[in-house]
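What follows is a single structure, written as C-alpha cells, with notes after it.
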C-alpha cells in the first residue's frame, strides 16, 4: 500500500497533466473534424469520422472483443488477442465491451507514463529528463494511438514493466509482462533481447551467492527471456487449434496491402524519399523524416541508458524499417520508449527548446488526429 501511494504521489502525478492534455487534444480534434465536415464536407462521410476512437484498427479490436474473430474479416486474425481478451473479460458481463476497451487503453497509457517516470529516474537519476520524456511521449503526433482503441498502450506498458523488473532481477514479473507483451503485438518478441542481457548481467553480479541461487536465477531468467516468444506462440497455437493455421496471423500481416514482407531498410527509405520528393503521397514521404528523428533519438538515448535499452531500441527501429510499407512506422517508434527518452535528452537545453517542441508536437497531434478522422492518414 505504501509503495502504491508513493507511485501515485511521485510518478502518476507527473504523468497526469500530459495524459489529460493529450486526450483533450484528440477529442477536440474529433469535434473539430465533425464540425468541419458538417459545414463544408461532401458525401460520402469518412468512416473514421463516425467511428471516433474506434477508427481504423480500433474497430477490429472492438469487434473481436465483442464477437470473436468470426465477427471480423479473415484479415482481422493479424490482431493479436491480448487487448480483445481483456476487454471481453471485463466488458462482456456488463454489456459494454467497447467503452471498457477504451478505458483499458487509456488507463494503460497513464500507468505506462507513470512507470516510465520511475524507470528513467532509477536508470539515470534525472527527474527532469523523466518529466520531459513523459510530455514528449504523450503529446507526440503518433500518440493518438494511446487514446484510440489500439494495443500500443498495453504493449508500451508491458515493455516498461519488463525493463523495470529485469534490471532488478525480479524475474517473476518479467515472465508475466513479457508473456503479455507477446500476446499484444508480434513485435513483443524483441523484448527477449534486453532480458537476455539483464540475465547475463545479473548472473555476473556479486549479489548472487552459491550455485543453487545461480541455477535458480538462470532458470527464471531464461524463462523471462523466452516469455515474449511464448506469448506469441500461444496465440499462434490457438490459431492452429481454431483451424486458421499456425502461421496465418503472421502471413496475413506480410500481405502486400498491409505491412508487407521484409526488405532492406534503405529500400523502404528510398521509396519514402521518392514519395517525398515527387509530392506523391506526401504522408508516405514524411516517414523518412520520422525515421531520421527516431535514429537520432536512439543514439541520444544511448548516452544515458545501458546497452540493453539501446539494443532493443535499435532492433525495434530496424524491424520497423524493414517493412516495404512504412505507414505505421511512427507508432512503432513511439512504443520503443528509448526513442522518447532520447528526445528528452535532445531537448534538455536551452529550456525554451523543450517548450517549443511541446507546442509544435501538440499542434502535430491535433493535426494528425484530424487527418486520421478524415481518413487521410493511417495511424
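For all residues, glycine too, the Cβ spot is worked out from N, Cα and C.
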- Message: If you look at how TrEMBL annotates this chain, which of 58-85, 170-197 comes out as transmembrane segment?
- Response: 170-197
- the transmembrane segment (332-349) and the transmembrane segment (12-37) contact flag, 3+ Cβ pairs under 8 angstroms: no
- Query: Against which stretches of its own chain does the transmembrane segment (12-37) lie, if we need a Cβ under 8 Å and a gap of at least six residues from its ends?
  - Reply: 45-46, 49, 52-53, 106, 109-111, 113-114, 116-117, 130-131, 134-135, 138-139, 143-144, 146-148, 362, 365-367, 369-370, 373-374
- Message: Same chain only, please: residues at least 6 beyond the ends of the transmembrane segment (356-378) with a C-beta under 8 Å from a C-beta of the stretch. Say none if there are none.
- Response: 21-22, 25-26, 28-30, 32-34, 36-37, 46-49, 52, 55-56, 135-136, 139-144, 283, 327-328, 343, 347
